[in-house]
């Protein structure tokens, strides 16, 4: 039987390190609550970033997924995670920086095991009957469920990256800084509304689940956290269109208080005609335009 999360960490002398952005969760009931919020279906393929001391990992595994792949960069946590694997053979552990992994680099090895095997770029391709050839790369035709307590310093970057691979994702249930979650879920004409709101809401249905107090962590961070769930919409946007929306929103929200006709004039010299054609008031500011307005501008350019 596994020891408690906190005792397991103590046995392996795993203390949180600032350089890894680590704030550990030792409360198993909170971990269970996060997994419940994900509505994780049995036999799902799950991905977790930064499992650390394995609290959330345990709660996911107790839901009997087909496989759980964890990406951990801290070598100190690997022996601890391998001990959990002794009880749950469907746990796959990859030591890697999460920012260096794309979902398309995670391939299901259906010959030797159920779950994921990481395809290093220099390695021979994994034979996979469940993938479709696209040039030299593989497009996975199954989807993963992502459940993670993300390090604050890379959380937003990972969310944007994953949204660009939304076709591979069933849902994402993520712990992030509360301020970031509020930005993801913000509606137009509010203070929190911005680029992140637009991009997330054009690609996924977003829902804030609940707040998490600093006291839930060791050591306690200086800010509140929150759980957000993102479910990719059907018919995801193309990468080209997402990139265009990113370009437009970067200009628009850089001058947040400027009228949109001024913010975008360097991108589109005839911006007044474009906005008129789309029936968008060119006296609006960036925060007044809905996500769909930005998409319509991107589509017409």
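Every residue number used here counts from 1 along the chain in the order it is shown.
Every residue gets a Cβ built from N, Cα and C, even glycine.
What Swiss-Prot records for this protein:
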BINDING   23, 25, 50, 72, 97, 149  S-adenosyl-L-methionine binding site
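This view paints the features noted in Swiss-Prot onto the structure.
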residue	record	DSSP (3 states)
23	S-adenosyl-L-methionine binding site	coil
50	S-adenosyl-L-methionine binding site	coil
72	S-adenosyl-L-methionine binding site	strand
97	S-adenosyl-L-methionine binding site	coil
149	S-adenosyl-L-methionine binding site	strand
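Cβ-based neighbour count (10 Å, all protein chains) for residue 149 (S-adenosyl-L-methionine binding site) stands at 26. Spatially close to residue 25 (S-adenosyl-L-methionine binding site) yet at least six residues away along the chain are 5, 31, 53, 55, 56, 149, 216, 217, 218, judged by Cβ distances under 8 angstroms.
The least crowded of the binding-site residues 23, 97, judged by other CB atoms within 10 A of its own CB, is 97.
Largest Cα to Cα distance within the recorded S-adenosyl-L-methionine binders 23, 25, 50, 72, 97, 149: about 20 Å as a whole number. Neighbour count (other Cβ atoms within 10 Å of the Cβ, all protein chains): 24 for residue 72 (S-adenosyl-L-methionine binding site).
For residue 50 (S-adenosyl-L-methionine binding site), the Cβ neighbour count at a 10 Å cut-off comes to 23, with all displayed protein chains included.
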